[in-house]
Amino acid sequence: MEQIVFPVPNICEFLTKESKLRIYYTTERDEQGSKINDFFMKSEDLFNEMNWQKKLRAQPFLYWCARNMSFWSSISFNLAVLMNLLVAFFYPFKGIRGGTLEPHLSGLLWTAMLISLAIVIALPKPHGIRALIASTILRLIFSVGLQPTLFLLGAFNVCNKIIFLMSFVGNCGTFTRGYKAMIMDVEFLYHLLYLLICALGLFVHEFFYSLLLFDLVYREETLLNVIKSVTRNGRSIILTAVLALILVYLFSIVGYLFFKDDFILEVDKLPNETLLPDRTEPGETMTGEFLYSDVCKAGSSENCSSIIPSDQLIAEEMEEENKEHTCETLLMCIVTVLSHGLRSGGGVGDVLRKPSKEEPLFAARVIYDLLFFFMVIIIVLNLIFGVIIDTFADLRSEKQKKEEILKTTCFICGLERDKFDNKTVTFEEHIKEEHNMWHYLCFIVLVKVKDSTEYTGPESYVAEMIK
C-alpha cells in the first residue's frame, strides 16, 4: 500500500454538511465490498452536487434560502400543529368574533407583545421568538377574529413551503437532473404534495390541515420504522388477510345453510326518513336491493312472520322492533360474519343468538363458534400481528446494529475500535487522518477535474480503475 499526498480540489469546498451526513448514514454497511461500492456509486452524484452548489453561490437569494432549509421545515411543522390546534378547539367558528377582550386584558396582550419583541431584539433566542409569535397570534385572534387569523397562518404556511421547495431545489439541483429524475425523486414529490395540501387547507377547507400532521412520520425515524413494520412484509400480511377472508366466506356459507335463524342482531334505528326505502318505492339503489332484499323490516308485513294484534304481544313487538335477521342472503351473512366476527373478542358466536341446549343443532353451534374462534381469531389474526411485531423488532435491531457499526468501525478498512487498543494510533486518529472517507472522495474528484496529461502514476492507475 502507498500513501499519497495530493492537493484537494477547490470544488470540494462546496460539499455540504447535510450531504456528508446523508451519505454517512445511508451508505450500505452489510459487507465491506458493498459498502465501498455503494460509496463509489454515490460519488458521481456528490460531484454533480458540488458543481451545482458552486453555481448556487452566484445567486445570493437562492443560496440564503437553501442554507436555511431546516429552519423553513421547522416553521412549516410548527404552523401545521398550531393551525390544527385552533381547528380542533374552535371549529365550527360560530360566535367567535374579534374585539371581545376587556380593555385591561387587551392592554396585557399588547404589553406581552412589546416585551417579547424587546427580548427578541436584545437577545434573539428561540424561547423569546416563540413568546412573540404566541402573543402576536392571540392579538390577531381578538383583533380580527379566529377565521381570518387561521387564513393568515395558512397563507404564511403556503409561502413558507414555497420557500422551502426553493431551498430543496437549491440544495439538490433537482431541475438540473432532468424531468425524469425529478419525477422519480420521491422526496421532491412528497414536498410538492405537502404544498398542495397546504393550498387545499387555505382555499377549500380547514380540515385538510389535519393531513399535514403526518409530516411527523417523515421527520422521525422511529415512526418511519412503525410504518415500515407494516409495509416491509406487506405481501405476507396481505396473503394472511386473504386466508382470513376465505375462512370468513366458508363460515358464512355454513352459517347460511344451518344457522340462518341464529343471525339476529340488535339494531339502533334512525328516524323514519333515514331508514332504507321500501322495495316498492322508486329510486331504490341496487346495493340496497342486493344487501337488504330479504331483511325483515319493522312495520312491514313483507318477509316477516304475521303479527297478531293483541294486547299481550305489545311488549314482544317493542322488543323485536330493534332486532333484524341479518342472514337472509349469503351476502348479508358474509358482511355480518366479517364485520361482527372479526371485531368480537370471541368471534362471531358473541353476536349470534344464544341457543338452548334442547335444540338439535346445539352441538353443531358450539363447534361452529369454537372453530371460528380458534381458526380466525386466535390463529389468523395473531399471524398478522406476529408478522408486524417481528418486522418491527428486526427494524429496531438493524438500527441498533447500524449505529454500533457507525461508532466502532472504520468505513474504509473495516477495522473495529478494539483493534486500536494499546496502539500508537487511536481509532479517532485513524478515521480522521489515515482513513478519512472524504479524502478518498476528494481524490476521486481530483481525478475527474484534472487534465489526464498531468496525471501522476497513482492518479493514472485510479483513473483507469474508475473507467
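Indices start at 1 and increase along the chain as displayed.
Using N, Cα and C of the backbone, Cβ positions are placed for all residues, glycine too.
Since we're looking at a predicted model, the values are computed, not measured.
Per TrEMBL, the features are as follows:
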type     : residues : note
DOMAIN   : 149-399  : domain 'Ion transport'
TRANSMEM : 71-93    : transmembrane segment
TRANSMEM : 105-123  : transmembrane segment
TRANSMEM : 129-155  : transmembrane segment
TRANSMEM : 162-179  : transmembrane segment
TRANSMEM : 191-216  : transmembrane segment
TRANSMEM : 237-259  : transmembrane segment
TRANSMEM : 370-393  : transmembrane segment
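Residues 76-77, 80-81, 83-84, 87, 91, 150-151, 154-155, 157-158, 161-162, 164-165, 168, 223 of the same chain, all 6+ positions outside the transmembrane segment (191-216), place their C-beta atoms under 8 angstroms from a C-beta of that stretch.
Here the transmembrane segment (370-393) has long-range neighbours at 225-226, 228-230, 232-233, 236-237, 240-241, 243-244, 247-248, 251, 341-342, 345-349, meaning same-chain residues at least 6 beyond its ends whose C-beta is under 8 angstroms from one of its own. Mean pLDDT for the domain 'Ion transport' (149-399) in the predicted structure: 79.
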